[in-house]
Amino acid sequence: MTGNSDKVRSLFLTALMVFSVFAGTIAFSGGAAAAANVSVQQAAEYDSGTVELALNGSTGSPVTTGDINIYIDGNENPSNYGVSSVDTTDDGTTGRLQFSLDQDVQPNRNLTVEVSGLTGGDNTVVAEDIDVTSQTIDADDDSGDTNAFRGEVLAIRADGGEGDADDATSSTQIVVEDSNGAVVTQDTYTANSKVYTYETENLDTGEEYEVTVGGTADENITISNLDLNVNIDDDVGDGANIDDTDTLAVNVSTTRGGEPANATLFNEDDDKVATQIKSLKGNENVVFDFGNQSADDSPYYVKVTDNQTGVSAESDQINVSESGEGDASFETSTVQDEVGDVTNITVQMGNTENAVINVGSQNDDNYVIQGQLEDDNGDGEVTVQFNSYTAGTDNNNTVLTVPGDDDLDEVEEKGSFTDSRNSLDEDVLEPQSYSINVTAGTSPDVTSPDTVGTLRLNENSVESMQTWVAPSDADIDDEDIDIYDRIGENLTQSDDVAVEDVVVHEIQASGIEGALEYEQEDNGSSDVTDAFIAAADTTPDRINDDTSASGLQLYVNRTDVGANADADPINFANSSSAVTVVDDPDNNTYFVALDTEDVEFESGNTITEEEDTEINATFSVQEGPLTDDSSSESELYTTSERNAELNLDDDGFVTVGAAAGQTVSGDTNVAPGSELEVEMESESEANPFVERPEATVGPNGTYVATEDFSDYSAGTNFTVQTLDVDGDSDFSDEEDGRIVEADTATVSISDQESDGSEVVVDSAQLSSGGFIAIHAGDASGDVVGNSEYLEAGTYNDLTITLDEPMDENFTAVAMPHQDTNGNEEYDFPGDDGPYTQNGSAVTDSANVTVSAEEPEDTPEDTPEDTPEDTPEDTPEDTPADTPEDTPDTGTETTEAEGPGFTAAIALIALVAAALLAVRRDN
């Protein structure tokens, strides 16, 4: 008996067979629709508006222009696309129909042809989605090379190998080979066709290919890359994951410009949503903006087609979701700063790009400023900068700003404070708490803000000043080096400054950031240095009474001017090349650097090496717009002549050994971090030489130069002097030097156990005294301990206490060091370099096993108790109990595996049931 479902299935199959019989008269995409026994085997548009239909038989009678209808993108017989003529030979009766259009069809268009008036049966044939080619290659014209972009569809017109295109048959072969002769395509022409459509998508860019038709005619095709790119860009739209209030847009670029391109937006069902046509620009982005799109049809993608070549590219998927209710909040509900500073207020946004912020309250504070924020970069937050120094002035664009990619519009100040403050000379906002609020959206009328917070403006003050020194060639404002990273390298705290070095005044003061910001953004200062000098009064009133509006003052005065004379201040206008300011407003810190070589005082005098100069630097915020109470800090320092002094031995010589790694040291007052040279020159006939090793000044003013004297003989004399940063030889006195037999040392250390607090060196010999240092790991490892000063001589079983106990095994490297500065204190690194032999440090190494001390009573307890208990109890219990318990244990183990076994049986049962059900159905 046939079931109902089988009956339905039979009816469906019967209907499908009947439908397939009639389907022969219905159009087929890209190919054939039948009219009687005639169908289209291939269709192509080529050669600027020529259309070929290759039929499987004759149309019976010639096709005329009136028998042909043209559809472009679904539009019937559009203007400019009329059929101008039908080929007199290939009029359909030969099985080939060729006709010409009034206008070339671009490769990006959809072309459909309907031919009627055929004899016999249904008299209409339709060819849909015809291949529209961008270039035509005539294989018999020997035209040479054809340049094509990868992805173009080409038409290759045949000649059958006999020089006459009419001779092409279905056996005519077309072969495409690469430059190495490898065949990439081998095919034949369709019956009744003289045109072969060839897609270049799979060819390699930069390659040349040879086309052979019928075995004789050749044509070369060179493939280039159009480099058509469709990118989802946050700069022009809102990205790949957006909501229905965001902008859907793409950036399109190509290597060739000037040609139009068609951009089509498709939804998740591949339905066309919108189309735009724009001309592309070579290597420049062109934006296609499709505005807001519905979340219902998400995801979307954009397909862009170059109209001339037909080359296409698609964007990645763009997801559109429904927008939720927008909200805005503050990252921190309470923000604190000082009056006069620039305060950062970070606003966070959800489901919105816009928010309105209010700082202050017109009712409570008599001042409010409002602005509309836009999250242009789509990161969900906008940082607002509020300048309390300029608040209330006419130019409110300096009060509320937004840095970076985000945007700020519709800024407006209100309140009696704004009405009364007409210039920066008048008082700024009072130090107190101000309300702040933010609301999602763009409406300025805020009655119920999303979030309310507090801005606490405290009183400003000058906290401290101290001076640092830097080398004369230091580039203080180098953006690649953080000024704090210089500390300990080439920035050292000191009140003794060598002439030509840089003195850096570190000022810690709050409430001055806003004035500097105003000078840079609105008053023409090119950088923070210009802004600082413009904002601060640098000249006493007795010289110039043009005080600054901010009340900031920086006086740097020479004080050693003698009796009955005023201090001589630096003329900052004439010393502009000497001044550099580096600001750190987040920490209320400002570094004002002065190059002492270029400083000029109001008297016209400069800082010279002929005499010491005493200077008093004072920074203050005077009573005025920024504060009701003045505050200031000062620092005294002295400049002195640059000098260096070499360290000599007891005989008054700079003495080195005839070996590698010899050191020459000295002391100087120039800034630590300065790069000096020590010049050593011998005019000896036997051993003439000039050596100039470099030496870096250390934090304590010492410097050490290291040189190899192993090629020179003991007994050679030389002269030595220290050269300044600029190579100046007058920097130090010239001293006498001599080469003596090289100092020697030996050391021996063995593998050992230790509690980690000390190591024992077996033996050591130091020809000139010094120290034994212990390095961890290898010779370049950290020094973890050193001996006391050792006189010249030999030592055995030398115990060295480590700086910190070691808690695990390590390799100890023993290394003898010299006492190069003669102070009998270990000063390495810097001074006290190691003894060397053949250019390498003298060392020996050993493995140190760190072990804890074992408790004394543990070994005694273990043997007394355990042997006595075990034989008495265990043998009696084991035979009696264990045999009876073991079977139970085995049973329990089997049961423990039961659930897994049951699951396997259940699975088999299910399979069996399924097979039984199938059998019953059959």
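Every residue gets a Cβ built from N, Cα and C, even glycine.
Now, the feature entries from Swiss-Prot:
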- 1-23: signal peptide (SIGNAL)
- Asn37: N-linked glycosylation site (CARBOHYD)
- Asn110: N-linked glycosylation site (CARBOHYD)
- Asn220: N-linked glycosylation site (CARBOHYD)
- Asn251: N-linked glycosylation site (CARBOHYD)
- Asn262: N-linked glycosylation site (CARBOHYD)
- Asn292: N-linked glycosylation site (CARBOHYD)
- Asn523: N-linked glycosylation site (CARBOHYD)
- Asn557: N-linked glycosylation site (CARBOHYD)
- Asn587: N-linked glycosylation site (CARBOHYD)
- Asn616: N-linked glycosylation site (CARBOHYD)
- Asn717: N-linked glycosylation site (CARBOHYD)
- 816-899: region 'Disordered' (REGION)
- 835-850: compositional bias 'Polar residues' (COMPBIAS)
- Asn847: N-linked glycosylation site (CARBOHYD)
- 853-887: compositional bias 'Acidic residues' (COMPBIAS)
- 888-899: compositional bias 'Low complexity' (COMPBIAS)
- 898-918: transmembrane segment (TRANSMEM)
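A map of Swiss-Prot features onto the structure.
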residue : record                      : CB count, 10 Å
Asn37   : N-linked glycosylation site : 12
Asn110  : N-linked glycosylation site : 14
Asn251  : N-linked glycosylation site : 18
Asn262  : N-linked glycosylation site : 18
Asn292  : N-linked glycosylation site : 14
Asn523  : N-linked glycosylation site : 15
Asn587  : N-linked glycosylation site : 10
Asn616  : N-linked glycosylation site : 16
Asn717  : N-linked glycosylation site : 13
Asn847  : N-linked glycosylation site : 13
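Taken through DSSP, the compositional bias 'Polar residues' (835-850) splits into 0 helix, 11 strand, 5 coil. Listed in sequence order, Ala567, Asp568, Pro569, Ile570, Ile615, Asn616, Ala617, Thr618 are the same-chain residues six or more apart from Asn557 (N-linked glycosylation site) with CB atoms under 8 A from its CB. Straight-line distance linking the Cα atoms of Asn220 (N-linked glycosylation site) and Asn110 (N-linked glycosylation site), rounded to a whole number, equals 29 Å. Asn587 (N-linked glycosylation site) is 24 Å away from Asn523 (N-linked glycosylation site) when you measure Cα to Cα. Neighbour count (other Cβ atoms within 10 Å of the Cβ, all protein chains): 15 for Asn220 (N-linked glycosylation site). Here the Cα atom of Asn717 (N-linked glycosylation site) is found 88 Å from that of Asn292 (N-linked glycosylation site). Comparing CA positions across the glycosylation sites Asn251, Asn262, Asn292, Asn587, the one lying closest to Asn37 (N-linked glycosylation site) turns out to be Asn262. Of all the glycosylation sites in the list Asn110, Asn262, Asn587, the shortest Cα-Cα distance to Asn292 (N-linked glycosylation site) is found for Asn262. Taking Asn251, Asn262, Asn587, Asn847 as the glycosylation sites under consideration, the smallest Cα distance to Asn110 (N-linked glycosylation site) is found for Asn262.
A gap of 13 Å separates the Cα atoms of Asn262 (N-linked glycosylation site) and Asn251 (N-linked glycosylation site). Cα separation, Asn587 (N-linked glycosylation site) to Asn251 (N-linked glycosylation site), rounded: 42 Å.
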